[in-house]
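Heads up, the thing below is written out as structure tokens.
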Amino acid sequence: MAALRPSSRAFLPPLCRAFAGPGCQLAPERGAERRDAASGRVSGFCPPRKSCHDWIGPPDKHSNLRPVYFYVPENESPLEQKLRQLRQETQEWNQQFWANQNLTFRKEKEEFIRSRLKARGLELRAGSGQKATLDAEEMADFYKEFLRKNFLKHMYYNRDWYKRNFAITFFMGKVALERVWNKLRPKPKTST
Amino acid sequence: MAASPHTLSSRLLTGWVGGCVWYLQRRAMQESPHTFVHLFRNVNKQWITFQHLSFLRRMYVTQLNRSLNQQVKRKPEPVASPFLEKTSLGQAKAEICEMRPLPPPSLPLSRKPNEKELLELESASIIEGSLDAGKEMKDEKHWKEMKLQLDDLPGILARLSKIKLTALVVSTTSAGFALAPGPFDWPCFLLTSLGTGLASCAANSINQFFEVPFDSNMNRTKNRPLVRGQISPLLAVTFATCCAVPGVALLTWGVNPLTGALGVFNIFLYTCCYTPLKRISIANTWVGAVVGAVPPVMGWTAATGSLDAGAFLLGGILYSWQFPHFNALSWGLREDYSRGGYCMMSVTHPALCRRVALRHCLALIGLATAAPVLQVTTWTFPVISLPINLYISYLGFRFYTDADRKSSRKLFFCSLWHLPLLLLLMLTCKRPPAAGGAGGEPRT
């Protein structure tokens, strides 16, 4: 069932090439520029020229989210472009939120540990060079406080994430249907 | 005698449920975040050594071919042996990666399934002509093409639907069905199990669909299919729909409308109440406990067609069990919950967390005693289940007083074997139909 196909047209490689048109291989320079524009923050990575799919990378060290390198086909329809832009933008938004969240968490955790150790008259690093830590029960106060402080921020994030997730999935569905429709309808006159 | 085939079926089912659940418990235990790598390493030494050697050989070939600009033939992703689950495989690899600083030849060893990407990306780096070849190569080899491989699809869907959890849910439903009075109807039983399994797959898939960025940030869940981009959200939702619709249809028309309604209710409760509530309020734990309690009730209603006291008793036992199980588990995940924004008792109300766990351990004793009163089991059941109920209550008490990682882990692991054993004992003590009600005459 074609409607089951994910947006990256994963099921049938030969069909993918036929579908994406000859642009996959004929216009590498133009493709490369658009790829660069689409890649956004995905620096340093370029997929093989022959690839017609998105690429997903290792988890980012700050946000733990995996960046996606979006493939831009030559004959991208407006709907496909809208989907890709939405996904790109959501990816950046997510990246920013979680990188910030994790960095803040780490920083505040360090400060908490430092302040608690100081209150006990200990240094962060003991004489032997080992990093002193607090046990889980002491850290529990920090976790509780951190969660409470960020509660509202999380509420807004959740609401926005759900909206974006639904929108992306909805557009993926529309794109899939558009592709099915394009394949099934009688071929229009080929434009030069 | 009419009772014989029923008794035989019950006993067969006892054996099947017991064996099935025992097996699943072993697997669940193997996935404990802390003893996990240790167990895994011991069991898979042989396998890892072979793969290591294969990889080194291929690396050598790749290096040679690089200068000749050849594309090395892509090796298909190896199918995990039946003994290994892919989730645990991924987790083990992540754990091994994190736990020791590996020299370069060993590092790719722990990422064996990505070899083919390594090979594809080798040619990519030649095209690019990168300046910092070493670093870039190391980064690039972690990039994967988001192309769905059909032979991977069953494994991916199994992980998406949390197949092991689904299997446990189906086994509790089976227990509910078997404990219900009346003749044991095999076709009905199979339809119920299948319908419940499909409904559970659907609910779990939607849950993962909602939670992608949160799952990415927690160690326990970061290897899920949507997080890793192995399938698209659209496919996940489509799969969920393709499970939910036949599952509920099967329950409604193949079994009875009451069971179908309970199935729909449970899917809704899990996906639309529990999942969002996890980030809003600690009430999510109580909602989640209800979600866990509904499957055996469904089993009961499938067999009897009505919601009677026995159904509520079974539901009550599952409901109470969820608390020591989950609260103990969540005790060790407080950091991840806090950072990810999950509202869990263990983070916000730690004393309440432990108190509730203990309270429900004790409630299990009470519920076991209520079983013969409600004519579900004989009076043997509360007696023989008392040792395990007392033991879990003891561990609950230790958790309540000590409030440390050790006691929480002990309670959690106990809960893993406590429930299947309790259900098994219930099945063996099921009140035979000829016994009838208190003081009643035997049925003719």
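Each residue, glycine too, has its Cβ placed from N, Cα and C.
Given the ranges B:148-168, B:337-357, B:379-399, the record in TrEMBL names B:379-399 as transmembrane segment.
The feature transmembrane segment, as given by TrEMBL for the ranges B:258-277, B:358-377, sits at B:258-277. Among the stretches B:258-277, B:379-399, B:411-428, the one making the largest number of Cβ pairs under 8 Å with the transmembrane segment (B:284-303) is B:258-277.
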